[in-house]
Amino acid sequence: MAAADGGRGGCWFPALALGVSLLKCLLIPSYHSTDFEVHRNWLAITHNLPVSQWYYEATSEWTLDYPPFFAWFEYALSHVAKYFDQEMLVIQNLNYSSPATVFFQRLSVIFTDILFVYAVHECCRCVNGKQAGKDILEKPMFVLAVLLLWNFGLLIIDHIHFQYNGFLFGLMLLSVARIFQKRHLEGAFLFAVLLHFKHIYIYVAPAYGVYLLRSYCFTANMADGSLKWSSFSFLRITLLGLIICLVSALSLGPFAVLGQLPQVISRLFPFKRGLCHAYWAPNFWALYNAVDKTLAFAGLKYKFLDPEKIPKASMTGGLVQEFQHTVLPSVTPLATLICTFISILPSVFCLWFKPQGPRGFLRCLILCSLSSFMFGWHVHEKAILLAILPLSLLSVESPKYAGIYLILTTTGHFSLFPLLFTPPEIPVKILLMLLFTVYCFSSLRALFRKAGPLLNWLETIYLIHLVPLEIFCEIVFPLTAWKLKFPFIPLLLTSVYCALGIIYAWLKLYISVLTEFYPPLKVFV
Amino acid sequence: MEKWSLMTIIVLLGLTVRWLVSFGSYSGAGKPPMYGDYEAQRHWQEITYNLPIKQWYFNTSDNNLQYWGLDYPPLTAYHSLLCAYVAKLINPNWIALHASRGYESQPHKLFMRATVLVADLLVYIPAVIVYCYYLKETSTKKKISSAICILLYPGLILIDYGHFQYNSVSLGFALWGVLLLSYDWDLLGSLAFCLAINYKQMELYHSLPFFCFLLGKCFQKGFTGKGLVLLIKLAFTVVASFAVCWLPFCTEVEQILQVLRRLFPIDRGLFEDKVANIWCTLSILVKIKDVLSPQIQLKLSFAITFLSLLPTCIKLTLQPSLRGFKFALASCALSFFLFSFQVHEKSILLVSLPVCLIINEVPFMSTWFLLVSTFSLLPLLLKDGLLLAYIVTTLGFITVCVTSFSMFEKTSEDDLQLKSLSLSIRGYMPSFKAFPEIIKSLFLVSVTLMGILTLMSATLNPPQRLPDIFPVSVSVVSCLHFLFFLMYFNAVILWDSRNGRSQKKTS
């Protein structure tokens, strides 16, 4: 019997990974967004043109706007792609999606996810298994593996909507795991590589920078835990610097030589886009916009405002565009940058003055990504995964974080719903969401059975109300007369309602991290 | 984790897989003039909605029976009618008389797929959940494992959600029947089973075990007292439920006769296409269809089916037990599939259902059988363009079975329920090798063979002289497997009581 259990203990991870990969294969024929065409176009560009023209090509409106490593990745893929269908590699074949093309692109996402699977495997090894139950289903490692591998957001964004987040998050989780394993240089290297694949990860760079400087470059602490200046290691900081410079040189070097750096940068950071994406990501600015809209509406109704002075731009019209607020002051990119910076500051401060090992680093990383999500310029709703996935690691270790995780995942994943709007995919998103959410709730509750309820009544009520909201948006609203007059209402409701939950989770996480920083009561009592 | 939340997760997973398979193609998609089963089901909606009930089964100017004429029992027709009312609400063009023939569109596909899901959700899935939840003398882990394996069985998913049929309704009713019988609610159980027969006449494959089991129960209670009362009640329930289902057709004798003629088309021949049964396999060597007259074919197949059923049925009548009942369901359905007249390849699902029910008792053999049964559907699925779904769901099923039952460790004689058989064989033949090794190596050979054949049928073009080489070899290989499984089920059933007695002695 023991042998059987041992055998089973060994094979659950491959089974979970294989299971989810098969599920991904079933998603191959489903709907894909314009991101599919984006990546097809990049395949064609990198395959046909010399490096010098990669960032200048503009036949398609979906120009290359990821850093060079990603372009090289597409270049490598294109050499496999030619065996599936030559036509997808023709730049002029806009919106080309033959069955072979779809099959190849989908399979490429599924196969590159192997890196993600490996990273999850490494993360599972870093988890404290102290309160492990007898049942395999109630081991933190198992729960973590499911939470990461079967993550709803990742499934629908990568395998329905179409993107390559899987292996990128794989790189990030792997680098986090390496830092947990005290292999700091490897961690730093992986993160540098990741940054040159997709620059959105720069949101969490402060956490890496401060942690590596504080806990790696300074080799010792004073007795009270404060910084010991004399322990600074020049060797270590040189190594770190060398790694980062080498990776950057490898990535940006060729373009610097060609004198194309300004062009590359302008492609990577398109500030011409608006404050919010077409569909508002559920962050602070969504609330800001909503307040502005309400004030404008009320102002018009009660004659505070002059209708002629109001700009006629509708934010949720579907186009990415610059937008003028009517009542509240308009927000500039610089303002969002300052807000983001201020909101990140306390967590970084905390990491510097009281480093609590890799777990402190992970908390700071999550806070960085959440804060940037809150206040960033032109944030996509997909960026919430940057907080959800790392938070999974903390959630299986303590009931406090499990509670926050439940709120954040449920709202964050719900806010991804508008990504999929085609009728056949609606059941898929609802079923997968339920599948993942039911699993989250029941597994985490089983894990922390002794710790009492994970959510308080207010949080429970908030989360339960997502159900009527979804019913209203998907079923009731299309039947009402408002559908034509105010088509944006479901999106607006979803993003405002989810913004409340995500801001709440963010504040709660911040407060719990800061109270760990100053544990005042326990010291005196 | 709690049992109900695990069950919820399993159901959601099963539903997700079902819905995702339904993204694929269906039978006869874009293939005029006859299309396929999808068009048949749509056509039945059209017929039942637009024509008076008296004309449903008759060839008239509005109802050409040569074009997918209704050939299932009344419940299917009522179900079509119900779907037609919903279709009418959404888009009347879907069921317009004559004009809608061969109608295909994305919204319509979505609607049809949704009707399958709704039917499944109302009948089959609850039955599976209740069945597994209340399995007797089983650990929670095993209940959960059985539920996930049954719900992810690829054969049913691929036929219902890929090819397009409503097998889950008839199988679901049959499962409700088994479930209710196992809790001694015999009347409700027989009602459920009558509904199953009245939905699809193929459910008759299961009728003998039901009959024998209930008869055996009556005998056990004493044939003069309680048993007789039960028998009369049962007979009344069956007659009444049939009468209700057939009520609109009971106006004339001719109506009933016509429906029966439609249900049992004797003139269609011994078998169709490439079925993995004995007749199709034999006809590679001898063209039975040409050698024997149809009448003799009918009699021959009837006789052989009857003979192969006999031992199991006698045993079940004399010693009715729940376990024996489930095995008998599998073995009898398999006999029908192998030997009876006019068998479709999809009828293997009728065997798969009872095999699903014994998956917690003989995980290894059940999984193996379920894999073979899915494999036997391969030619059909290839024709429908469901290769990807077939490969993915099959691999998924193997993964689930292997991890949840640790299948390969369950091959001892005890686990295979063959202990008493091998004991009695050793009585005659002391040098007899143990079963587990033989069966394990057979399994490996069989899986390899199935894998290779799948790959070859999917990738290679058949040689010009033998265009049917792959479908034929698939059906021959499956048929050989099925014969082996028939022997296995019979061995387990017939050597059952000795096993029970010896266990009692040892305890």
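Placed from the backbone N, Cα and C atoms, the Cβ positions cover glycine too.
Matching A:66-86, A:276-296, A:360-380 against TrEMBL, the residues noted as transmembrane segment span A:360-380. Of the candidate ranges A:103-120, A:141-157, A:334-354, A:360-380, A:460-482, A:141-157 contributes the most Cβ pairs within a distance under 8 Å of the transmembrane segment (A:426-448). Through the fold, the transmembrane segment (A:460-482) approaches residues 406-407, 410-411, 414, 417, 426, 430, 489-490, 493-494, 497, 500-501, 504 of its own chain, all at least 6 residues removed from its boundaries and within a Cβ separation under 8 Å. Residues 279-284, 286-287, 290, 293, 314-317, 367, 370-371, 373-374, 381, 384, 404, 407-408, 410-412, 414-415, 417-418, 459, 462-463, 465-466, 469, 472-474, 477, 482 of the same chain lie 6+ residues outside the transmembrane segment (A:488-507) yet bring a C-beta within less than 8 angstroms of a C-beta in it.
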